[in-house]
Amino acid sequence: MKNPKPFGVVAGFVRLHKSSLGQARYYSIPNDVSIPASKRKFIPSSGTYPKGFLVACAHAGVKESNTQFPDVALICSETPCSAAAVFTTNKFQAAPVQVSKQVLEKRQGAGIRGVVINSGCANAVTGKGGLEHAKMMSAKVDECNGTPSTGPQDTSTLVMSTGVIGQRLPIKKILDAIPTAHSNLASTHSTWLATARAICTTDTFPKLLSRPFTLPSSPNRQYCLAGMTKGAGMIHPNMATLLGILCTDVPISPSALKALLTHAVSRSFNAISIDGDTSTNDTIALLANGAAGGEAITTTSSPDYAAMQTILTSFAQSLAQLVVRDGEGATKFIMVRVCNSPSHADAKVIASTIARSPLVKTALYGKDANWGRILCAIGYAQGIAEGTVVPERTSVSFRPVDGSAELKLLVNGERKAWNESRREDLADEDLEIVLIWCRQKGEKGLGGGGGVVLVCDFSHEYVTINGDYRT
C-alpha cells in the first residue's frame, strides 16, 4: 500500500463535545487524536498472515465530512477460494446481505475471490436501488481482478456495508475508490491493520488478529488464520450487529467450511452483547484458499477437521472479545457464566438475558453489587425448560479476575452478607458474574449444562454517543 496513513490518525465524522461526564469519545473513527491509551494494548504490533490473501483500503468519502481517510476496504484471494458466511437474523436484511447470500448460493460456496466493504453507510432499507448498488460493488471488484462477471447474478465477490440505515450509497465515489484500493493490494501487517481500520464506524480501535498453526496431517506445515471485525454498538447474539472477515490458507471444502463457521460463531459472535439491538447488516464470512497446500479438509469426521474446529472457535472467541471490549462508552468487560443448568441451551438463554438487562449493566457501571437486578433478569428469561430456575437453589457471585476471593452475593436463595470494602473489586475493568444452581444430594437432573455470554456495562456516554449519532 502506498504511504498508508498511521492508523491512529483516522477519519472523523462527528466529534462529541466534552462534558462533565468524562473524556469526550470520538466515533465513526477518531478524528485527530490517537487511539485511547486503554485500548492500545489490543492492537497487534505484528502479524502472520495467510498465503495468497491481499488487502487494501482507499478513501471514497462515503460520508461527506470524511475528506481524506479510507472507508472502502478489499480482502482478495489470489486464487478462487471456498467461502461460508453467517448473516444477521434481522428481518430487514440490508442489500449487501442479500447480495452476498445470492453469491454464495449461486456458487455453492466455491470460486469466491474476496470481500468488498464500505463504512459510513449501511445501504439498508434502500429498495431495489440499494440492491443494484451492492451488485455494482461486487462486479467492480471482479472487473479489477480480471474476471469480469457475465451479469449481476454471476459475481464472485461478497459485499458488506456498515453505517447509518436508510441512506443510499454515494455509489460513484465507491466505484471510483475500488480500483484505487485494488492497485494497492498487499499482504504487509501495516496494510492489514489499515484495512481493519477502514471498516470501523463507532469503534475506537481496529480489531485485527492473526495466528499460525499446524494440523495433524501436516505437522511440519505452517498454516495461518487472520481476521478483522468491526462493532461497538448495536451488538446482540444471533448474528446480530457486526462485520467480520476471517481468512485461512488451509484447503477446506465449502461444506466443511460452513460447518466450521457455524460452530465457531455459535460460541463466539453469538455469545456477546453490548446493547441488545440486532442490526440489519451483520455478516461473518470465512474464506479458505488452500494456498498453503496439504491435505484438504472435506469431511467433519477427520482429525484435521476436529483440530481446525478448535483453532477456529478459539480464534473467533478472541475476535468477539475485542468487540465487547470496545463497546460504546463501556468501562467494563463482563463475563456472565451460568453453571449446572439442565442444558447448554437454557444456560445460554439465561446468561444472555442477564447480559442484555439495562438495569444490570448500569449497576455494574455504578460499581453496585445489586444482585436483585440479576435475579430479576433470571426470573423473566424466556424459552427455558420448566423447572430450570429454582430460587432456593440459586447462587450468584462476582468473581474478580485478579484471583482475589469470590464475592458471594446469594447462596442457595439466601442473601449473603458481604463487606462493603469489597466494593472496590467492582471497579476492575474485567469482572465475572457466576450463576450456579445447586444440586441436591443424590439428584441427577442438574449439572449438565453451562453457558457464557460476554457483555459490557452501560455508561452515560453510551446515551451521548447514540443520541448524537447522526448530528
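Glycine is no exception: its Cβ is also placed from the backbone N, Cα and C atoms.
Annotation comment: Swiss-Prot describes T201, K230, T241, E328, N466, T471 as substrate binding site. T201 (substrate binding site) falls outside any helix or strand according to DSSP and counts as coil.
Taken from Swiss-Prot, the feature active site, nucleophile applies to T241, supported by sequence analysis.
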Other CB atoms, at most 10 A from the CB of K230 (substrate binding site): 26
DSSP-derived structure type at K230 (substrate binding site), helix or strand or else coil: strand
Cβ atoms near T201 (substrate binding site) (within 10 Å, other residues, all chains): 24
